[in-house]
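Structure, as structure tokens:
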Amino acid sequence: MAFNQRKRRRPVGIADFDEANDEAYESVGFHDYADYFSRKQRKLQNQNAALYKSIDEDSKSDLFHGLAIAINGYTKPSYTELRQMIVSNGGTFIQYVDGKTSISYLVCSFLTPSKARQWKHQKVVKPEWIVDCIKQKKILPWINYRTFQASSAQATLSFVASKPSQPEGNLEDIQTSSQEEEHDNEKDKTKESKAKGFLDDLSGLSASSLHNYQLLKNPNVRNSTTQNQDFLENFFSSSRLHHLSTWKADFKNEIQAMTTASEPVRPIMKDKSKKSRFLLHVDFDCFFASVSTRFSHELRLKPVAVAHGIKNSEIASCNYEARKFGIKNGMYVGTAKNLCPSLRVVDYDFGAYESVSREFYTILVNTLHDYIKVISIDEALLDITSSVSSFQDCFEIAESIRSQVREKTNCEVSVGIGPNVLLARLALRKAKPHNVYSLSIENVFDVLSPLSVQDLPGVGSSQAQKLFNLYGVRTIGQLQRIEKFNLQETFGVNYGLHLYNISRGIDTDIINNETPRRSISVDVNWGVRFVFQEDGIDFLKRLLHELLSRMGKCQVLLHQIQLRILKRADGAPFSPPKYLGAGEVTSFTKSSTFTSATNSFDLIWKKVTSMYKTINVDPGDVRGIGLQALKIIKDNSKIRKDYRSIQSITSRNKVSLKGASVDISSKDKEIISQKKQLSPKLIPSTPYDLPSSSQISSSALAQLPPSMQSDIQQQLRLQKRSITEYPSQLDPLFMVELPTPIRNEVNDNHEIAMNKRLSLKSHADNKIDERGKKKIRQENAFDKLLQISKKSKTINKPNVDYLTLKELPKDLQKQILKESNLQKSDLISEVKLEKPHIVTFQHVQSLEDLRGLLTKWYSKASKGPNIHDVNYFANYVCRVIREEKNLGKAQMMLKWLYQLNRKECNKPWEKAIDKIIETVQGECLQRNIPPLMIF
């Protein structure tokens, strides 16, 4: 593309050139590029004039007279044919575009998103406009031939035509229209500066990009791909996997919130007689198909599949009638209809799926249980060990669940009962469809022996083939005859032990409260079709906005961002079997870490674009893009906002004691009452050593600053009380709004507070006599107070509650102190925070006694600890970190337990210790504490 710096008249395209006397053919000065391109364009117009002269008079017309037209990219009719049409009808054909205002019309079949934004205010038409104008012999409205539609953000007006169109062939009207359009272009030329040229060179594109270029020329295809600005919204609204993952995360959070508040503290079980656990594995039968046909008795008896209905769409779910014909989930609709021509394909009904799933989990939550594990929207595991004593009790609960689900949703579920997760899962297979089945340790060998090894969890096709090649093993019964040593030697210590255990029905997986989510991701692997590199950049930006939107809903920040690219595999076809699908691909992954947690678009975008360019995949070969936020933490900005709101309430209701007291309004009293209930930790502190009220002179008190007078008066009133008033219960509406870690901490501290008497802090040496009354040392206390007042003329005492301040993260403490104009020295001299609460374990708190207790526990449980004991001890160590703030004590306990098992190498204990360490390290990570060094 060329830019001419000289002002010159726009060529009109008619034969008005005198080639012999034209200065365009004279020599060009050295390095005078502007003059060179000016002469070059003049020569091209001479060629157009020569072409115009060579055309028969009968084929000429002045239809495009006064219009300058350029062509961009591939067109149909071709570039040469369109040029001849324009020139023969009196138009000026522009081969090199100086700027947007140098032409009247741009003819093209396709524009990239960035070029479309550049030319959105210009007349960009399809090639058909040229052809139809010549056919009808008049200039047609260009708006009907736009290459791209107007932006959805721009409001448009609709007008009803009030006059009939003029008859064809009215030359006067045509010329008037042309002159008006020319006049408009001249106006635009004065308003806009010359823009950068854009004509795309398709010769540099790869074969895959050219294929996508041809594919995207179809507007229906283009609107179904990432080229559509609304693609993400449409994609996620109709994506089955997106709905499943979103609902699963929501159900996990909701169930965790409901169970955490009511979960009892589990003591170490001293009664070892009850060794067996009872688990229920509950699952819908053909969930999507059952929900879609639950109100149609006719469809229930016919083969039905749920899919989008397109031939190359995958079946999400099919009922048992369809499975009789060999149809399976994941099969293409076309293949399924070949097996069963009478197959009925129904579309997705995501609203019904969510409604039924919520009814399902409501029933499970209302069932007596210890824990619930959300597997998917239609499948869950329940631990009901504490609620039953035999398998017969489990059968009754399972049948109750089935009947309630049938009544509420008109769908069927199957239930598997077992002493561990593995056996409950295998029992569920036996129970399907529409039944209940139990599997105990006593009959495990009879049930497992005939099954294939691939029926075991964690055994894939490659491991099964390896077992067959080395040991001739096909069934679980054959696997049971292989020694543990041989399996560990072949597959490694851990996986070999896993194979040995699960073949005998031994499973150490446990069900407990769900851990907080560690990542948030956005993935798209359908409809991804790019032509140019900037297409991928544009879509990547939209994808990042979607990721940040999801992070905002979860109120989290990220420490690490990961980019995933799916590239068309070498030799794979450009068009996969699934319409606009990914097909056979190769995956590329790259991550980048931030020094501090962030949700800044600019910071993350800089990392993402750098990673995208580093991977360097041809844009035409990209078949999928994903972004994942890793190492996410809660955003403390909401906590800061809540704290400021409480602080503002305190400042509004502070009472000044200048001669007269001020009554607090009833509305303010209500606010203060609510504040006491919402913040049980906000206990007033006593920052001064005060004598009794009778020994304080009112004249001396008047010499102090007003803010200090108010604090002293308030403290004197509080000295009359022996016990601080404390709310007996927490507001459940407030607790639900808190993040899970903070809610747990508030519950723990509230329980501690209700089990002991809270007394006011004092910075003097307090002594309590037999009657329980405090004696405050009064020597020189008030003199010291006056000395403090003289050193600082005015102490602006901020409205900060230091017990609350102590519980906040360090960075948030600094921010609040800065905003309150409180120096670090003032905090040290005026306030002493209370000592951390010492947490006991089995009435023991010293490290020496704890070591003895752990040694006794390890020696008695030689076959491995009880899982409830493990959870209880892990929770205790977390409380040491959370309440005592004693990382050294927590570290020494974990090291001692690790050393106890180091010599014995007891595998059950090894797994239990790993579980404890994982829980404790998670607590550290949640509190932004570096991991403890155990090994």
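Glycine too: its Cβ is placed from the backbone N, Cα and C atoms.
Remember, it's a predicted structure, so these values are computed and weren't measured experimentally.
For the domain 'BRCT' (59-147), DSSP puts the residue distribution at 34 helix, 15 strand, 40 coil. The domain 'BRCT' annotation in Swiss-Prot covers 59-147.
For 162-178, the entry in Swiss-Prot reads compositional bias 'Polar residues'.
Swiss-Prot lists Arg240, 283-287, 317-323, Asn329, Asp378 with the feature dCTP binding site. Under the three-state DSSP scheme, Glu321 (dCTP binding site) falls in the helix class.
Across the domain 'UmuC' (279-460), the model assigns an average pLDDT of 88. The annotation domain 'UmuC' is assigned in Swiss-Prot to 279-460 on the grounds of sequence analysis.
Taking all protein chains in view, 24 other C-beta atoms sit within 10 angstroms of the C-beta of Asp378 (dCTP binding site). Annotation comment: Swiss-Prot describes Asp283, Asp378, Glu379 as Mg(2+) 1 binding site.
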>> Quick check: in three-state DSSP terms, what is Glu379 (Mg(2+) 1 binding site)?
In response: strand
> Cα of Glu321 (dCTP binding site) to Cα of Asp283 (Mg(2+) 1 binding site): how many Å, rounded?
Replying inline: 18
>> Given a 10 Å Cβ-Cβ cut-off, pick out the one of the binding-site residues Glu321, Glu379 that has the most other Cβ atoms nearby.
In response: Glu321
> Excluding Asp283, Asp378, Glu379 themselves, which residues in that chain have a Cβ inside 8 Å of the centre of the Cβ atoms defining the Mg(2+) 1 site?
Replying inline: Val282, Phe284, Phe287, Ile375, Ser376, Ile377, Ala380, Val413
> What same-chain residues, at least 6 away in sequence, bring their CB to under 8 Å of the CB of Phe284 (dCTP binding site)?
Replying inline: Ser290, Phe360, Asp378, Glu379, Cys411, Glu412, Val413
>> Using DSSP and collapsing to three states, where does Cys286 (dCTP binding site) fall: helix, strand or coil?
In response: coil
> Looking at Cβ-Cβ distances, which residues of the chain lie under 8 angstroms from Cys286 (dCTP binding site) while being 6 or more apart from it?
Replying inline: Ser317, Cys318, Asn319, Tyr320, Pro433
> What residues, ordered by sequence, lie under 8 A Cβ-to-Cβ from Arg323 (dCTP binding site) and sit at least six positions away in the same chain?
Replying inline: none
